[in-house]
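Peer 1: One structure is given below, represented as structure tokens, and several questions about it will come after.
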Amino acid sequence: MPSFCGSRFFWAPLYFEAAGGQQYFISCAKITIYIERGGGSLFAYAFTFLAALAVTFILTPAVKNFAVQIGAVDKPDARKVHHGLVPRLGGLAIYAGFMVSVILTVGFTYEMTGIMIGATCLVFVGIADDIVSLPAKVKLLGQILSAAVLVIFFDVNIDWIDLPYVGIIEFPLFISIPLTIFWIIGFINTVNLIDGLDGLAAGIATIASIAIALLAFQMGQWVSAAAMVAMTGACLGFLQYNFNPAKIFMGDTGSMFLGYVIAAVSVMGSMKTAAAAVLIVPLVALAVPITDTVLAIVRRRQSGVPIFSPDKNHLHHRLLAAGLSQKQVVLVMYALTAFFSAAALLVVRLNPFLGVAVILLALGVFIFWAKKLGVMREVVLPPTEKDEK
């Protein structure tokens, strides 16, 4: 019997039928949503969202206390904009909320199991970094291995793409495997690099997750949609404590986890029935942080400093320098992300050339504006920061 979640065993289930003939089972032993007809439903998505939100919201204070006890706190310095000691490790609560929700509603489907295992490996890397501050190369190695687990052992990869007017282009393994690993690592570091203001990374990840969930829903890919709904709920549950003034930071544990899941879900096999769209939507939805990351790499290369060296020329830093408050900067970044997310969803329904032209025009205006703000200013690091950590 097919299910929304791939779960197959129900003990003493409660059964009811809603208006329209949609049939539901809620297992008493294992709270699993089963939908007999129509795949996903408002009820199932609401349960998925609320489960992730509730678990994250409830666990975050406990994670905060734990972070303080073990000394995993973020100290203010010349590069950071917060004042006082703020606990890190908030990503643990996001991770827990997402995992509990997905296990209860999606279950252990093959690809989702791979995503959960790979994400768990990366979370351990993030925890270590939030506690002892790992060298950049060690973090990168952890990211590569976490991505490789998913790509090699669970066959989640970009092995073909269907382009308008071109048709299907297939990639051999020696291209698809490194391409997918690069895709995942790119998203991991994109989210990681924008985690510089209270609520910024969690809010942007929320908006991007909603965009991918809507695309998945339109395509009838219920598992992918449910995963992104769970991510939305987890991020919103955490934002209650992370929005300015933040009581806790997600740390690398959270930012790397968010980037990993968004990247992985967007290239799950079930999503590749419209391969061009599933690559366009996350890329354009995250156009603001991706462009900021690319400009940061170019800026640091031109300045002769390591690309992983932190600086205060990111877009959100320049907006602060322009006189906006933290809350105002975050809301501006939310609005930009919402605009590009809506544009991405619109593009997949437009004439391909017209859609690409609209996106390129918007990106051109955005890059011009960002340069005017000073994001390409030369990076000058203090002597203690010139070497990679």
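Including glycine, each Cβ sits where the backbone N, Cα and C put it.
So TrEMBL says this about it:
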type	residues	note
BINDING	N192, D252	Mg(2+) binding site
TRANSMEM	42-64	transmembrane segment
TRANSMEM	85-106	transmembrane segment
TRANSMEM	112-128	transmembrane segment
TRANSMEM	140-158	transmembrane segment
TRANSMEM	164-185	transmembrane segment
TRANSMEM	197-216	transmembrane segment
TRANSMEM	248-268	transmembrane segment
TRANSMEM	274-298	transmembrane segment
TRANSMEM	329-347	transmembrane segment
TRANSMEM	353-370	transmembrane segment
Peer 1: Looking only at Cβ atoms, how many others are within 10 Å of the one on N192 (Mg(2+) binding site)?
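Peer 2: A count of 25.
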Peer 1: Against which stretches of its own chain does the transmembrane segment (112-128) lie, if we need a Cβ under 8 Å and a gap of at least six residues from its ends?
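Peer 2: For the transmembrane segment (112-128), the sequence-distant neighbours (Cβ-Cβ under 8 Å, at least 6 residues beyond its ends) are 6, 89, 91-92, 95, 99, 102-103, 106, 134, 139, 142-143, 145-147, 149-150, 153-156, 188, 223, 227, 251-257, 260-261, 264-265, 268.
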Peer 1: Where does D252 (Mg(2+) binding site) sit in the DSSP three-state scheme?
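Peer 2: It is helical.
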Peer 1: If you count every Cβ pair below 8 Å, which range out of 85-106, 140-158, 164-185, 329-347 shares the most with the transmembrane segment (353-370)?
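Peer 2: The stretch I would name here is 329-347.
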Peer 1: Which stretch, 85-106, 140-158, 164-185, 329-347, tops the Cβ pairs under 8 Å count with the transmembrane segment (197-216)?
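Peer 2: Ranking 85-106, 140-158, 164-185, 329-347 by Cβ pairs under 8 Å to the transmembrane segment (197-216) puts 329-347 first.
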Peer 1: Which residues does D252 (Mg(2+) binding site) neighbour through Cβ under 8 Å, counting only same-chain ones at least six apart?
Peer 2: R88, G91, V125, G126, D129, D130, K139, N192
Peer 1: Should anything in the same chain at least six residues away from the transmembrane segment (329-347) have a Cβ under 8 Å from its Cβ atoms, list it; otherwise answer none.
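Peer 2: Same-chain contacts beyond the flanks: 194, 197-200, 203-204, 207-208, 210-211, 214-215, 243-244, 280-289, 315-316, 319-320, 355-356, 358-359, 362, 366.
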